[in-house]
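Colleague: This is the structure I want to talk about, given as structure tokens.
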Amino acid sequence: MSKIPATQARPLSPHLTIYKPPITMTTSILHRITGGALYFGTLLVAWWLIAAATTESHFNFVNWIFGSWIGRLVLFGYTWALMLHMLGGIRHLIWDTGAGLEKHTASKIAWATVVGSVVLTLAIWIVGYMVRGA
Amino acid sequence: MTDMRTPLKKVRGLGSAHEGTDHFWRQRLTAIANVPLTLFFVGLLVSLNGADYAQVRAVLANPFVALILIAMLLSALYHMRLGMQVIIEDYVHGEGGKLVLLMLNTFFTIAVGVASVFALLKLAFGG
């Protein structure tokens, strides 16, 4: 019986180190992360509503925070998280009907939610700046 | 041994969590409600960009706006509570820690909801 040398490379099953994550996996993870971000982001919504219901100085302070560059960055990210989670959710509703589950179709829809979320976020902010400028 | 139970008998227990598809159904119901409601909120924020204190208060005091925003808050908060419950159940395996976090999840949701709805009612009723 001939012994196979231990140095010879043995075939390996695919696992995480050589696994290229498919887009559906990435959007699945992003769906959960954006959901978590939106969860804690409701504090910003509550803060804004409470500020509007209290004093003018409090409201102006919140407006100043939200209007600062870091505030705008957070709100821009929050808009994108909301759009991606919304489109991802609609994708799940489509899947619930049993449609769109074929591998290549699912990948295309996943890319569509990513591209769609960026387009919608930019559109919202462009219109927002137009409103401010008007 | 072959399972002798009828399909009716099986469904009566509503599964291991004894709640059947309730979580799934409510999650989907609020998801569908959230789409138009949050889009209205986003549109409202865009239209209020640059508005001052008095303008924002006048818009939020409008009954139509206040009712839609309250509906949005209830639907979105219920939805996110269900979602966070799943995240906790997925990652927290200790029974004690899980129970504490599930409680905090409900407390957080209700705290945000009560504060936001109160703010809107205060504005609507001339606060």
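Cβ coordinates are placed from backbone N, Cα and C, and glycine is handled just like the others.
The heme binding site annotation in TrEMBL covers A:His85. The transmembrane segment annotation in TrEMBL covers A:29-49, A:69-88, A:109-131.
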Colleague: Which residues of the chain, 6 or more past the ends of the transmembrane segment (A:109-131), have a CB below 8 A from one of its CBs?
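Modeller: Result: 23-24, 26-27, 76, 79-80, 83-84, 86-88, 90-91, 94, 100.
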Colleague: Sequence gap of 6 or more, Cβ distance under 8 Å: name the residues on the same chain that satisfy this around A:His85 (heme binding site), in order along the sequence.
Modeller: A:His31, A:Thr34, A:Gly35, A:Leu38
Colleague: Through the lens of DSSP with three states only, how would you label A:His85 (heme binding site)?
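Modeller: Its secondary structure by DSSP: helix.
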